[in-house]
Amino acid sequence: MSSARDTSSRFPLHLLVWNNDYEQLEKELRDQNAEALDPRGRTLLHLAVSLGHLESARVLLRHKADVTKENGQGWTVLHEAVSTGDPEMVYTVLQHRDYHNTSMALEGVPELLHKILEAPDFYVQMKWEFTSWVPLVSRICPNDVCRIWKSGAKLRVDITLLGFENMSWIRGRRSFIFKGGDNWAELMEVNHDDRVVTTEHFDLSQEMERLTLDLMKPKSREVERRLTSPVINTSLDTKNVAFERTKSGFWGWRTDKAEVVNGYEAKVYSVNNVSVITRIRTEHLTEEEKKRYKEDRNPLESLLGTVEHQFGAQGDLATECATVNNPTAITPDEYFDEDFDLKDRDIGRPKELTIRTQKFKATLWMCEEFPLSLVEQVIPIIDLMARTSAHFARLRDFIKLDFPPGFPVKIEIPLFHVLNARITFGNVNGCSTADESQGVEGTPAEAVSEATNFEVDQSVFEIPESYHIQDNGRNVHLQDEDYEIMQFAIQQSLLESSRSQDLSGPASNGGVSHTHSYEAQYERAIQESLLTNMEGRCPGGLSESSRFDSDLQLAMELSAKELAERELRLQEEEAELQQVLQLSLTEK
């Protein structure tokens with residue numbers, strides 16, 4: 001009895017959630033901290049969701065419980081909701097998550113624009129090069145040149161790589177124009193291909209009043225997609241990151257490496273101990289869905305040095321007092337006693353977890369004489385673009401590390417297992433209007449305009465008269481598991497040229513690829529790539545890109561002898577990949 005009283009006094013709200021006493025919880029929440037953690041690292045909302053107590057979860061969400069917070073194991077509330085298998089729970093949590101994210105986006109834009117206002121005016125180009133050592137992927141990796149103008153509280157960002165859709169890269173000419181003040185902002189998305197402009201004007205207080213929970217109702221197919229797909233959480237682990245100067249020269253004569261990047265001398269650093277950790281949960285899937293997921297696993301992952309650990313469901317510890325969301329019949333006294341060892345027992349549906357870890361090396365080119373400030377001028381813009389772009393979001397996570405001195409004029413970071421992004425800054429203050437050359441080649445340091453004297457022509461921020469304006473269009477883009485969507489798209493790109501039949505099964509929450517054996521896949525891929533060159537078809541859906549045009553022209557001119565030589569080279573690449581596979585298995 002004393003133990004029960006102790007639990008009630010130390011964790012009164014958690015105990016109400018445990019018992020699903022949602023009516024009393026409603027009364028007690030008015031003066032209590034809804035984000036307090038229990039001894040197992042769960043907030044009230046996490047506890048309610050893990051136990052499947054929908055009524056308590058709704059009460060907590062009405063009281064503004066943080067729906068984005070992670071528990072002690074690094075899972076979000078939405079992850080745990082999907083794990084319950086309850087469509088109502090997923091619907092409720094997803095609706096509040098989207099409402100929260102939209103609110104945060106609206107609140108954050110004016111603050112970022114204020115930071116931009118305080119920074120000196122400038123123009124810069126960011127060249128994005130997506131690269132891969134896997135031949136099938138490297139052929140379809142796109143490039144993009146991002147042009148940025150900043151003048152006062154005005155900002156314009158031009159891009160051509162829009163993202164992923166239907167397993168292909170989407171291209172187009174887009175400009176994002178931001179204008180703002182202390183309490184207002186104007187956002188414009190300019191579609192130069194269709195000559196259409198979507199504008200959104202908002203006063204922060206009025207916009208927040210218009211935003212309602214009813215506007216964020218998820219579609220039923222989105223709930224179904226999550227419940228029939230693995231829960232996948234991909235993160236970049238940089239807690240043990242280390243920066244080391246790259247060496248050049250022969251053994252005994254090695255020196256610190258330096259390179260000239262767009263006219264600026266830069267020191268080259270290797271960034272070590274960067275890991276991509278992918279965690280996959282499948283306990284909410286049916287046996288048929290689990291079987292299909294295992295069969296559809298991408299066999300190319302074995303080539304990538306991925307270390308995988310699988311953790312099955314909890315053992316046969318269930319008792320007659322167990323429930324679906326408390327299968328090992330943990331008592332409140334056991335759960336809330338921080339000194340009590342639960343061993344492998346836990347609340348919630350028994351986890352079926354796979355963890356994949358892959359270490360990467362990133363590379364930095366740091367210049368101490370670069371005319372831009374990373375913190376004052378560049379990071380606020382990356383923060384702003386990260387709200388609508390997955391690769392900008394990954395760059396933001398990386399660029400906020402404690403870098404060596406200087407400006408990162410060139411960065412190479414992993415985006416996904418087989419895909420790297422190389423970002424190069426150049427042509428600083430080399431373009432004051434939108435009509436000038438879009439070349440990415442940087443100008444020498446001595447030719448760059450002084451930052452204090454550089455002025456951007458204000459026509460850059462104006463809309464051409466021939467464009468159609470859709471005023472007050474709602475165009476808030478939510479990043480819905482963007483890294484997982486990117487992961488899925490890249491894996492599908494790997495297999496795009498090797499498919500001989502339609503895909504089957506539902507779309508996944510993340511990186512589920514549809515394939516069979518590695519040998520059969522790679523053989524089909526080689527055959528398809530040869531047909532691609534002969535027939536002028538694009539394997540990765542990049543018919544819009546200039547690279548495809550040049551490759552197509554080259555393919556049309558190839559003779560039969562050159563095609564035979566190409567097939568031989570592909571066979572040699574296959575042998576090299578097989579050798580990498582054997583080495584990776586041996587190292588493990």
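Backbone N, Cα and C define each Cβ position, glycine as well.
Database features, via Swiss-Prot:
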type: REPEAT; residues: 40-69; note: repeat 'ANK 1'
type: REPEAT; residues: 73-102; note: repeat 'ANK 2'
type: MOD_RES; residues: SER205; note: phosphoserine
type: DOMAIN; residues: 481-500; note: domain 'UIM 1'
type: DOMAIN; residues: 517-536; note: domain 'UIM 2'
type: DOMAIN; residues: 547-566; note: domain 'UIM 3'
type: DOMAIN; residues: 572-588; note: domain 'UIM 4'
type: MOD_RES; residues: SER584; note: phosphoserine
Checked against DSSP, the composition of the repeat 'ANK 2' (73-102) is 24 helix, 1 strand, 5 coil
Near the repeat 'ANK 2' (73-102) in space but 6 or more residues beyond its ends, with Cβ under 8 Å, are 41, 45-46, 49-50, 52, 54, 57-58, 61, 66-67, 211, 213, 215-218, 222-224, 226-227, 231, 233, 235, 279, 281, 283-284, 325, 348-349, 351, 476, 478-479, 509
Beyond the flanks of the repeat 'ANK 1' (40-69) by 6 or more, those residues with Cβ under 8 Å of it: 13-14, 16-18, 20-22, 25-26, 29, 34, 76-78, 80-81, 83-84, 86, 88-89, 92-93, 96-97, 100-101, 324-326, 335, 342, 346-348
The DSSP breakdown of the repeat 'ANK 1' (40-69) into helix, strand and coil residues is 16 helix, 0 strand, 14 coil
